[in-house]
Structures are given as C-alpha cells and as structure tokens.
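J.: Quick one: the structure is below, and I'll ask about it shortly.
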C-alpha cells in the first residue's frame, strides 16, 4: 500500500473542516458548495460516518452559509452517501437547520426534507421521518414548530392509517398554537394537506382546522385561509359546500381587514369554479359586486382582474345587469391602478356579450379608457383590442382608436411613445394594409425623426416588423421612398437615421429592391462629411453583404458596388470609419471563400 494514501484519505474532510472554520464567509460558502465533491472523494461510508455528523454540528454560522447547506443537502445528496436506503441520514442536519431563526434557511431546509421524503421507503418514513416531525412539532421554539407545518402533507398518504390519525392530531395542535407565526404556517400548509384527506376526514378534521384558522384574530393568518377554503370546497359537493362553508365564505368576503378581502378577490374565480352554480348565483355575485365597489383600491384592482373569468360563469343578462354597471363605475375610478387593471381585462367581456351589447355597453367605456390621462390605461386597452375587434369589427373601433393612438404617439414621455411603437405591428395586423397606409403610415415615418435616439431606433425596428406583416412590395412602395428621401436632409441626424433604418430593414427586403432603390443612396452617404454617418454606412454595407452574399447575384453586387466603396472608406482619416470598413471588407471577402 502506498504510504501517501492514508494522507489522501484524511485530506478532503480535513480541508473542509479547515475551510468551514475559516474567518472568511466566502471561503465557508465555497466549501459548502463543494460538499458533494468532498462526499464523492470520501466514499459513501465515510461520508455517512464523518461528513454528515460534522455538518450536523456546523449550524452555528452565517445565514447565507446555512442556506447554501440546506440547499446542497436537498440536491439528490443521498446518491453520495450510499443511495436512497441511507437518505434518512440527511434528516439530522436538516432538522437542526429547520429550527434556526432565519426564515429563508428554515424554508429551504423544509423544502430539502420534502425532496428527501420522496425517496424514503414507508419503513424509513415511519422510523425516521415521523419522529423528526414530532420533535419539530413539539419544539420549544416557535421556529421548529413553524417549519414542521410544511412537512405533514408530503408523507401523509405514504403512512399507515394509525399514523395518519396522529398526523391530523399533530397538525390540529399547530393550528391552535399560541404563536401567530406557527398558525400562519399552518394556514399556508393546510391546503396541500387537506387535498390528501379522505372526504370523511375533510368533514371531521379538515373543516374544524380551517374554521379555527379562518376565525383567527390575526389578519395575517386569516388571509392565508382563502386557499384552504378552495382546497376544502374542491373535496366537497356543492350541497355540502353550501351547508358547511357558506358562513365562512361570507365572513371572508366581508372581512374587516382589506388584506383578507384582497386575497378573496385575487382567488375569486378559483372559488367560484368549485362552489357550484347555485351558490355562484345566490351568493357570489353579490359578494363580487361588493368587492368591485370596495373602499380599498388594492381590493378593487384584484377584483377587476377577475371580471371576465367570473362573467363566464354567469348568464349574459346577469352580466349586463350586475357586472357592467360596476365596470362603468370602475372606468371613472380615482385610482389609476384600478383603471389600468380594468383596461387589461375589459376586452374579455366582448366575446361574452356579443356584438350588439358590446357596441351599446362596452364601446363607450373603451373610448373613455382610451382617453384616460394615465398612459398605462390607454396602452392596456390597445394591447387587448384583438378580442374586441373579433366581435365588433375594425370600422367602429378605428373611428375612436386613431385619435387615441395619435395622442399616445405624441406623448411628452418618450417611454410612452416607445411603448406605442411596439404595439404598432400588432395594430397593423388588425387594421389591414389600406387602413394602415391611410391613417398610420406617416406617423410611423415621423418617429424616425424623433429627438430621442431610442425612439428612432425602435421606429426602424418597427418598419422591419411592418415589412414582415404587409410584405416586401408594400415596403417598396410605402417605406423605402420615404426612408431614402430622408438621406438628403440637411440635418445629419436624419441622414444617420436613414442609414440605420436601411441597416435594420434591408435583411427583410429582396435583392432587387436593395439594388434598385436603396444602395445608391447608401453609397452617396459614404462620402458624407460626418464621420459617424460614414462608419454607419460601413456597418450597413456589411449587413447587406452578409444578408445577400449567399447568392451569385448578391456576391456580384457586393464585388461590383460595395467592395470599392469599402476600400475607399478603409483609408478614411477617421479611425472608427477605418475600423468598421476593414471589418465589413473582411466579411465581404469571406463570402467568396
């Protein structure tokens, strides 16, 4: 045996121990990220006997080191210690991590324990996992009890009925815990647990736990019970929901804390889908209307987001009688966020109401929102017009739409102008070619002369996208002459924009259009007195050469027209021009290779 080998055996664990005792946090962090490599070097037996006990003792460290440790142990670490039959060994260090003060570390430890539970056998769960769960559930500090809440659901359906009874009793104790943080965790993890209960246990135990949490004096606990309510309702028939949960539904919807009402509004459609049609008609419509009229803007915003989804569950007459009046009021809401949320959802009502009702009831509201002073409201309406267009047609829309688009296109905030440019290709597909040319063609060109560079850049990209929407022939007639015409402008910024627009759109055009309509202007600008324009010409020529150099005609054009100009620019007095011309020449010569 080689005398050095025993030293090699000691080295990995010794190095790890040294690094984990280091003063430098980064060194300790790096050591933790390498524990899988160290475990591999040690082999399964020594990893179990030496590494895991050492890690179990190193809980007194910075939170970020502990977080990294909790994460590493959940990354299939059982493979390094002998496979799934030894996976329970990892529960020791993770149990310690589940009781530390930092929430992030505890959550990650609970997540890793859950992952490990997936590879444990029934015997391992009952022998090692359940005792761990009981120790955490009865821990002196609230931290361990909080962590334990997340660990019931993953194994509930993997254990015997006797242990299931114990688990339900254990969770019920956490639901009644003195510490709000523990009850909050219980409320958060009740829904996944209830989904694994038999219906009988939902009625006996699940409901009792839910009712206790739903009546908690802390709103931070009550707001988490909305998802529990949905999980329980899913397990019950509509009649049982009405009998067992009606009181709690009413209490949640009208809770004195706006945060609970906000959660109810955010999950309203999920609840409506599981409680049954009768309860939707009798109870939920009234509650939904109240949430849409809530005195807190956040609640109205959340409820607005649920309007189309909830309306799908109702008859058209009910939507017109109960929901549309609320929508009308929300269009005038004092909060811009409510109006913005409504604007992104209101178009979803059009397919439900049909053409006549949309024209009569919704169209005035669209027009009102399109004239809103807050740009996001107007943009949300424009971005969702496709559904409305499908119902009522573009003629009616366009009469009101165009003034709003023109107004946005000239908004003093350049970000608003940029956002509307990004919607133009979408609008183009909806409006059609003829209407677009007549109404928006000049507007798209005017952006090329904007005072903000980002707008000019976005305008060039917009022209490329429009070419892809309407085709090359349209671009030849509508875009190319206007872009080329700007090349003669006395202001150098316009000439620069011409070059950049050509660089952007030429790959979408045909070789004939580039040769016949564009190249001449570009070659003239190669002699421009402004160096910035000359080096952008070199970049544009490079783009054309690489786009069209793969055909014989394209290569001929490159050699006859483009290469001579680039040769001249290569000897320019400006260093940048020489650089880009040389780079373009390399690409052009590479086409022949």
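Numbers run from 1 along the shown chain.
Backbone N, Cα and C atoms are what each Cβ position is placed from, and that goes for glycine too.
Just so you know, TrEMBL annotations never went through curation; they're auto-generated.
Feature list, courtesy of TrEMBL:
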{"type": "DOMAIN", "residues": "364-512", "note": "domain 'Phosphatase 2A Regulatory Subunit A helical'"}
{"type": "REPEAT", "residues": "90-128", "note": "repeat 'HEAT'"}
{"type": "REPEAT", "residues": "245-283", "note": "repeat 'HEAT'"}
{"type": "REPEAT", "residues": "284-322", "note": "repeat 'HEAT'"}
{"type": "REPEAT", "residues": "323-361", "note": "repeat 'HEAT'"}
{"type": "REPEAT", "residues": "362-400", "note": "repeat 'HEAT'"}
{"type": "REPEAT", "residues": "401-439", "note": "repeat 'HEAT'"}
{"type": "REPEAT", "residues": "518-551", "note": "repeat 'HEAT'"}
{"type": "REPEAT", "residues": "562-593", "note": "repeat 'HEAT'"}
J.: Who are the chain neighbours of the repeat 'HEAT' (562-593) in space, where the CB to CB distance is under 8 Å and they lie at least 6 residues beyond its ends?
T.: 519, 523, 526, 531, 534-535, 537-539, 541-542, 544-546, 549-550, 555
J.: Mind checking which residues reach the repeat 'HEAT' (401-439)? Cβ under 8 Å, same chain, six or more beyond either end.
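T.: For the repeat 'HEAT' (401-439), the list is 370-371, 375, 378-379, 381-383, 385-386, 389, 394, 446-447, 450, 452, 454-455, 458-459, 462, 465-466, 468-470, 474, 478.
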J.: Residue list, the repeat 'HEAT' (323-361) vs rest of chain: Cβ under 8 Å, 6 or more residues beyond ends.
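T.: Apart from its flanks, the repeat 'HEAT' (323-361) reaches 288-289, 292-293, 297, 300-302, 304-305, 307-312, 314, 316, 368-369, 372, 374, 376-378, 380-381, 383-388, 390-392, 396.
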J.: Who are the long-range neighbours of the repeat 'HEAT' (245-283) in its own chain, taking Cβ under 8 Å and residues 6 or more past its ends?
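T.: Sequence-distant neighbours of the repeat 'HEAT' (245-283): 207, 210-211, 214-215, 219-220, 222-227, 229-230, 232-234, 236-239, 290-291, 294, 296, 298-299, 302-303, 305-306, 309-310, 313-314, 318.
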J.: Please average pLDDT over the repeat 'HEAT' (518-551) for the predicted structure.
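T.: Average per-residue pLDDT within the repeat 'HEAT' (518-551): 83.
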